[in-house]
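Chemist: Annotations per Swiss-Prot:
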BINDING   13, 16, 35, 38  Zn(2+) binding site
BINDING   119, 120, 121, 122, 123, 124, 125, 126  ATP binding site
DOMAIN    1-54  domain 'ClpX-type ZB'
């Protein structure tokens, strides 16, 4: 009972029995009471259970199906449908594999690490980041160009695991089911086809070092980063269930593929395929492990990245879509900023085409879009907060091409800023 019969009307907690005089707060419900201490205890229990669920990794029963994963990727990444399908299936199978590991089976399922091939700015990093967000797992990024094998100036491969551990708030269990994206992986290719007797500090040696953590090992991670030393305590992280996604532009790989598939005959009826016949992005879709071997990767490293996904180079149409369609589209972000100033921001179709063409000239893919917009919008974003009666700002192609000022529409008058 919530009211103790002790000759007084003193109320008590229905859970711990403490009276209202012994606690800070007593909250009443239908025929029951609960004190602030019991509420705090319940919160702690729920928080602990939530942490345990997160540590267990994504529940396969709640895990989005491949089609659902692709649908969410579509909201953030324009085009690249085939790559999205490959990623969705690989990620889904990866976490199904983790769930099956605790069950008796006569089949051993291999890890589905992924290799993403595609030009700069085609969406490789964004795809990996979005996957981690969908699955609610820790995510870390690393740049392969900074890595060297142990004992040389540079970053140890174990520091990649440290980044993931930090993303998981040093929860080792959660980190062990996270995703690591290694960018610029093509930069650690061997410098020549034949093994060298000299040390290849940032090439084959790094491949060998990465090989261990990608295939699964218990890594000793220095909690504060940096180089290892004997007096330092290490955190032990099992990388067996960490999904590794490696990405790179692989400049020159298209030539290797072209040499392999190109048919050359002499004399009449010669059937010669020109290198310009296919775009580099199309050629990359025909990549084989043998091509990667010739590019400079060791066979063991290629074998640990069994899933290949190719991203195509973005064209003008795709660039325009990227500007306005995704959930986090740049145009939507700028419009939201202006909306906070009670001003409508409009981009003409011509301005979107102009931004896209300027970005294509830079050959940095979608990465160039933001800097172009920042330069075009700087002055107007500086002025608008100080101006009154502004109703609308219109950005046309002249703002992009000729650095002209945007059109400002006031409450009753239209004039140039």
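Using N, Cα and C of the backbone, Cβ positions are placed for all residues, glycine too.
Predicted, not measured: the structure shown is a model, and the values here were computed from it.
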Chemist: Given the binding-site residues 120, 121, 122, 124, 126, state which is nearest to residue 38 (Zn(2+) binding site) when distance is taken between Cα atoms.
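Modeler: Checked the binding-site residues 120, 121, 122, 124, 126; minimum Cα distance to residue 38 (Zn(2+) binding site) goes to 126.
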Chemist: List the Cα distance (Å, whole number) between residue 122 (ATP binding site) and residue 35 (Zn(2+) binding site).
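Modeler: On Cα coordinates alone, these residues lie 56 Å apart.
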Chemist: Under a three-state reading of DSSP, tell me whether residue 123 (ATP binding site) is helix, strand or coil.
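Modeler: Assignment for residue 123 (ATP binding site) reads coil.
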Chemist: Between 119, 121, 123, which of the binding-site residues has the fewest other CB atoms within 10 angstroms in the structure shown?
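Modeler: It is 119 that, of the binding-site residues 119, 121, 123, has the fewest other Cβ atoms within 10 Å.
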Chemist: Can you tell me the CA-to-CA distance separating residue 13 (Zn(2+) binding site) and residue 126 (ATP binding site), as a whole number of Å?
Modeler: 52
Chemist: Just to verify a number: CA distance, residue 123 (ATP binding site) to residue 35 (Zn(2+) binding site), in angstrom, no decimals.
Modeler: 52
Chemist: What is the interatomic distance between the Cα atoms of residue 35 (Zn(2+) binding site) and residue 120 (ATP binding site), given in whole Å?
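Modeler: Cα-Cα distance, residue 35 (Zn(2+) binding site) to residue 120 (ATP binding site): 58 Å.
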Chemist: Which of 13, 16, 35, 38, 126 has the fewest nearby Cβ atoms, counting only those within 10 Å, among these binding-site residues?
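Modeler: 16, out of the binding-site residues 13, 16, 35, 38, 126, has the fewest neighbouring Cβ atoms within 10 Å.
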Chemist: Give the number of CB atoms, excluding that of residue 125 (ATP binding site) itself, located within 10 Å of its CB.
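Modeler: Within a 10 Å radius of the Cβ of residue 125 (ATP binding site) lie 16 other Cβ atoms.
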Chemist: In whole Å, how far is residue 16 (Zn(2+) binding site) from residue 126 (ATP binding site) when you measure between their Cα atoms?
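Modeler: With the alpha carbons as reference points, the distance is 51 Å.
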Chemist: Can you check which residue among the binding-site residues 120, 122 has the largest number of Cβ atoms within 10 Å of its own?
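Modeler: Highest number of other Cβ atoms within 10 Å: 122.
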Chemist: Can you tell me whether DSSP puts residue 13 (Zn(2+) binding site) in helix, strand or coil?
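Modeler: Reduced to three states, the DSSP call for residue 13 (Zn(2+) binding site) is coil.
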Chemist: Measure the Cβ-based neighbour count of residue 124 (ATP binding site), defined as the other Cβ atoms within 10 Å of its Cβ.
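Modeler: That number is 27.
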Chemist: Translate the DSSP assignment of residue 35 (Zn(2+) binding site) into the three-state scheme.
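Modeler: Going by the DSSP assignment, residue 35 (Zn(2+) binding site) falls within a strand, counted as strand.
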Chemist: Measure from the CA atom of residue 16 (Zn(2+) binding site) to the CA atom of residue 121 (ATP binding site) and give the result in Å, rounded to a whole number.
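Modeler: Computed Cα spacing between residue 121 (ATP binding site) and residue 16 (Zn(2+) binding site) is 60 Å.
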